[in-house]
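Asks: Input: one structure, supplied below.
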Amino acid sequence: MCSNNKKYHVAIVGAGVMGLTAACTLLKTYQASAIDITIISEAFTPNTTADVSAGCWQPYGLKSMNDLILKWASYTYNIYMAEAFSNKAAKGGIMKVPAYLLHGYKGKFVAEEGADGELIEKPLYGSLVPHFRKLDQQELNGFKHLEPVSGYVMTTIVVEVRKYLKCLTRYLNENVAFVQRRIESLSELLNGEYDIVINCTGVQAKYVVPDDKVKPARGQVIRVNAPWIKCTYEFQTGDGFGYIIPQTDHVVLGGTFGMDDWNQNEDKDDTKMIMKKCTTLFPSLKNVQVISVDIGLRPLRDTIRLEYELIKSRNTENDVHVIHNYGHGGSGVTLCWGCSKDVVDLVRKIIPAQNERKAETSTNAVEQHEELWNIIDDNELIT
């Protein structure tokens, strides 16, 4: 444990949804006089991988599912649900919407969906959300262009990440230093300048740590003007998996999941394939205005790495406390607040408790979180 008579210098590497929510949670936990936070990143919003995401809450792009992931997902869902009903929802781009999860195409299961064509059971995360139920045959018949075999509907949250990160950045601006810098290796930060380093480097953890278990899963999406789309859809076609996710002022069409693909330029064939898949479900999308084509690299790993490591400082006799938080696949938005809570729980083992803010009168995590939104005048115009 660090000495209790000093200010603790914390570096957060990465300014995506994991890095910013970790910073917010630290500020909510510790007195301003006790902690000094620097966020170091080569890219900031709107140029992060998270900004490409459609921001739909749903565990996705993970190699495994366990109780810990479900805990993180549930905590994050409850935060978003409260925000969706707050007066900050418009600024943060937070929407409560129905989500349809459709399995199979033309009356048959697609091989990747289940072993030997078996019926896919209710996803484990179904118990975390309200109104999760199986679609009956009459409802399935409504998707006549696809002819799915089975499906579910649930209430989810869509977070328009570009707006959300902008709000979090505004909250952090007065209390956090932002440094635009490319970090090639964590060793660059082990010179005694920082007591704690929080590693939220996403796919770059492959080189920054280094961690050979991290692989990119390339995602390409199309943003279009389609204001009649009000629900999210995850579905199968003869050309593979597709999704349609509305935002506050546009709709995201996807997608791709290119393993070990570092290409961050548009692939025209992918663009055509995404449009083909999405127009199979909604032919009305064939002539929509395309706003942009965006690419992001999801940080895929066999398991999420959220753990503590003590590393020897290069220039001093003191050790540097490193907390790793990366490998969230396509679920960064889905898990961020839950993971950030656990990051701060690890920090609590380093910084003495007397440096924490006075305990909230409420033990409700959602109510405590509301202070993060005391950052914008309620009468401020929505932009």
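Keep in mind that glycine also has a Cβ here, set from the backbone N, Cα and C atoms.
Because TrEMBL annotations are produced automatically, they should be read as predictions rather than curated entries.
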Asks: Name the residue, out of GLY92, GLY330, GLY332, that TrEMBL lists for the same D-dopa site as GLN58, TYR243, ARG298, please.
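Replies: TrEMBL lists GLN58, TYR243, ARG298 binding D-dopa, and from GLY92, GLY330, GLY332 it also lists GLY330.
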Asks: Would you mind listing, in sequence order, the residues at least six apart from SER331 (FAD binding site) in the same chain with a Cβ closer than 8 Å to its Cβ?
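Replies: Spatial neighbours, sequence-distant, of SER331 (FAD binding site): GLN58, PRO59, TYR60, GLY61, LEU62, ILE69, ALA73.
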Asks: Do me a favour and check the Cα-Cα span between THR334 (FAD binding site) and ARG298 (D-dopa binding site); whole Å is fine.
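Replies: It is 13 Å, counting Cα to Cα.
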Asks: Take the C-alpha atoms of THR201 (FAD binding site) and TYR243 (D-dopa binding site) and report the distance between them in angstrom, rounded.
Replies: 26
Asks: Output, ordered by sequence, the same-chain residues six or more apart from TYR243 (D-dopa binding site) with a CB under 8 Å from its CB, or 'none'.
Replies: ALA54, CYS56, THR232, TYR233, GLU234, PHE235, VAL252, LEU253, GLY254, GLY255
Asks: Which residues in the same chain, at least 6 apart in sequence, have a Cβ under 8 Å from the Cβ of GLY330 (D-dopa binding site)?
Replies: SER53, TYR60, GLY61, LEU62, ALA217, GLY219, PHE257, ARG298
